[in-house]
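One structure is given here, and the rest of the page talks about it.
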């Protein structure tokens, strides 16, 4: 079964590059920043399972999930 998801984008609007394919601690952390629990390295970029389009940009994800009230 294919799990939906997206490639998250960093502050420059680029995908997160990764070198260790599959299980990847860096990608898991990236995906948590974007508001989802799990992700891995696929085709040299981090992929996040269940990442919705509204949270693909790290700026949007930060606004949606950051607890810091600055800028709200």
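The backbone N, Cα and C atoms fix where each Cβ goes, glycine too.
Sequence annotations record features per position, and here Swiss-Prot assigns domain 'LCN-type CS-alpha/beta' to 3-67. According to Swiss-Prot, the feature disulfide bond maps to 18-41, 27-46, 31-48.
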Exercise for the section: Just give me the nearest neighbour of residue 41 (disulfide bond) among the disulfide-bonded residues 27, 31, 48, Cα to Cα. Expected result: 27
Handout entry: For the domain 'LCN-type CS-alpha/beta' (3-67), the number of residues DSSP places in helix, strand and coil
Key = 20 helix, 16 strand, 29 coil
Problem - 27, 31, 41 as disulfide-bonded residues, winner by CB count within 10 A - result: 31
Fill in the blank from the handout: Judged by other C-beta atoms within 10 Å of its C-beta, the most isolated of the disulfide-bonded residues 18, 46, 48 is 18
